[in-house]
Structures are given as C-alpha cells and as structure tokens.
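Listed in Swiss-Prot:
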TOPO_DOM  1-20  topological domain 'Lumenal'
INTRAMEM  21-41  intramembrane segment
TOPO_DOM  42-53  topological domain 'Lumenal'
TRANSMEM  54-74  transmembrane segment
TOPO_DOM  75-101  topological domain 'Cytoplasmic'
TRANSMEM  102-122  transmembrane segment
BINDING   Gly106, Leu107, Gly108, Glu188, Glu189  S-adenosyl-L-methionine binding site
TOPO_DOM  123-165  topological domain 'Lumenal'
TRANSMEM  166-186  transmembrane segment
TOPO_DOM  187-206  topological domain 'Cytoplasmic'
Amino acid sequence: MKESVQEIIQQLIHSVDLQSSKFQLAIVCTMFNPIFWNIVARMEYHKHSLTKMCGGARKGCYMLAATIFSLGIVRDMVYESALREQPTCSLITGENWTKLGVALFGLGQVLVLSSMYKLGITGTYLGDYFGILMDERVTGFPFNVSNNPMYQGSTLSFLGIALYKGKPAGLVVSAVVYFMYKIALRWEEPFTAMIYANRDKAKKNM
C-alpha cells in the first residue's frame, strides 16, 4: 500500500512542470500577497502611513482594500495562465474529479462571498489596523462553520480549479496558498486580538 501511495505521489509530481516561468510566477504571487498586506497593515497601525497619505483612516482602508483586491485578481489570472501550460494527470481527471472540483470551488466562493457580506469592506480588509473596529464578533454564517472563511474559502477555490482542470500543478499552488494563509494567521490573529483587547481596556478606563 505504501508503494502504491508513493507511486501516486511520484506520478503527480512528475506531472508538474517546475521549470515553467508562469508556474513560478504563480507561486511568487501566492506568497507575496499575504506578506504584502500584513507588512502594510502593521505599518499603518504603528505609523498611520495610509491614513496620512489618503487623508483619513477609512479612505486609507479603502485604498488598501482596492490594492489587495487588485493583487488577488492578478494572482488568479497568473494562476489560470500557469495551469494552461501545465500537463494534466490521469489520476485526477474524469467526471467525478470534475464534479468534485466544481463543488469545492462553489463551496469556496460561498465562504468567501458570505464572509465579505458579513464583514463589509473595512471588516474584510484589515480595517481594525486603521482603528475601524467592529462592535462585536461576527458569529453567524459562515463564521459558525469556519473560523477563517475567507482564507479557507480561497484555498478551496484554488483546489477546486486544480481538480476541475486535472492539473497537479494546481495542487502544488493550492498547498502553497494553504500554508501561506496558515503563516498569515500566526501573524494576524494575535495582533488583532491585541487591538481589540486594547480597545476593551480603554473602554473600561473611561
């Protein structure tokens, strides 16, 4: 059984063109985006860089939101373009894999879009780093089924596209997406908790 699993993994790996410049660019874009928005958000929190540049916290947040959204569009386009050049693999092609890909992509989009609807622009795009805090924690769907629906939904969407197209390279990119979001959460969750703890502490001292 172990040998068969190893053979499957080897076949999937051999179906990835690691030398493709578009594939490499897709990896770079996937890694760059969360690093970028975390660095910019930290700079905003400590130095109010975007607030000063844009003439207000809300305007600064909207600027960051537009930038992150645009970078996401570019990343998705690069991903799609990279997959077109990559070979398919018989291990993940066929009607069932296609249906699974559609289902995962659909689920991912539901999580992403419903999360954005619940949080709004400032809640989705790091408004708390600008001092734009939510009154209370959102607990309704999709947050009652997922702790981080934006990140998990995005990962599922990448995975769904990979399976729909039968491209092992897409599985690699999806794995990078997953691990980059895991790393991002290690930065974001404690920092966000600190921001709200400071807000609550300030309220008590008033």
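Including glycine, each Cβ sits where the backbone N, Cα and C put it.
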**Request:** Could you tell me which of these binding-site residues, Gly106, Gly108, has the fewest other Cβ atoms within 10 Å of its Cβ?
**Result:** Gly106
**Asked** Restricting to the same chain and to residues at least six past its boundaries, which positions have a Cβ under 8 Å from a Cβ of the topological domain 'Cytoplasmic' (187-206)?
**Response** 38, 42, 45, 128-129, 133
**Secondary structure content, the topological domain 'Lumenal' (1-20) (per DSSP, counts of residues)** = 13 helix, 0 strand, 7 coil
**Message:** Counting across all protein chains present, how many other Cβ atoms fall within 10 Å of the Cβ of Glu189 (S-adenosyl-L-methionine binding site)?
**Reply:** 12
**Prompt:** Near the topological domain 'Lumenal' (42-53), which residues from the same chain, at least 6 beyond its ends, have a CB less than 8 A from one of its CBs?
**Reply:** 59-61, 63-64, 126, 129-130, 191, 195
**Message:** What residues elsewhere in the chain lie close to the topological domain 'Lumenal' (1-20), defined as a C-beta under 8 angstroms and at least 6 residues from its ends?
**Reply:** 82, 85-89, 91-92, 167-169, 171-172
**Request:** Count the Cβ atoms, other than its own, that fall within 10 Å of the Cβ of Leu107 (S-adenosyl-L-methionine binding site), considering every protein chain shown.
**Result:** 16
**Complete:** The mean pLDDT across the topological domain 'Lumenal' (1-20) is 84
**Asked** Which sequence positions outside the topological domain 'Cytoplasmic' (75-101), separated from its termini by at least 6 residues, show Cβ-Cβ distances below 8 Å to it?
**Response** 8, 11-12, 15-17, 20, 22-23, 25-26, 29-30, 33, 158-171, 173
**Request:** Determine how many residues of the topological domain 'Cytoplasmic' (187-206) DSSP places in helix, in strand and in coil.
**Result:** 18 helix, 0 strand, 2 coil
**Asked** Rounded to a whole number, what is the top Cα to Cα distance in Å among the residues the record ties to S-adenosyl-L-methionine, namely Gly106, Leu107, Gly108, Glu188, Glu189?
**Response** 26
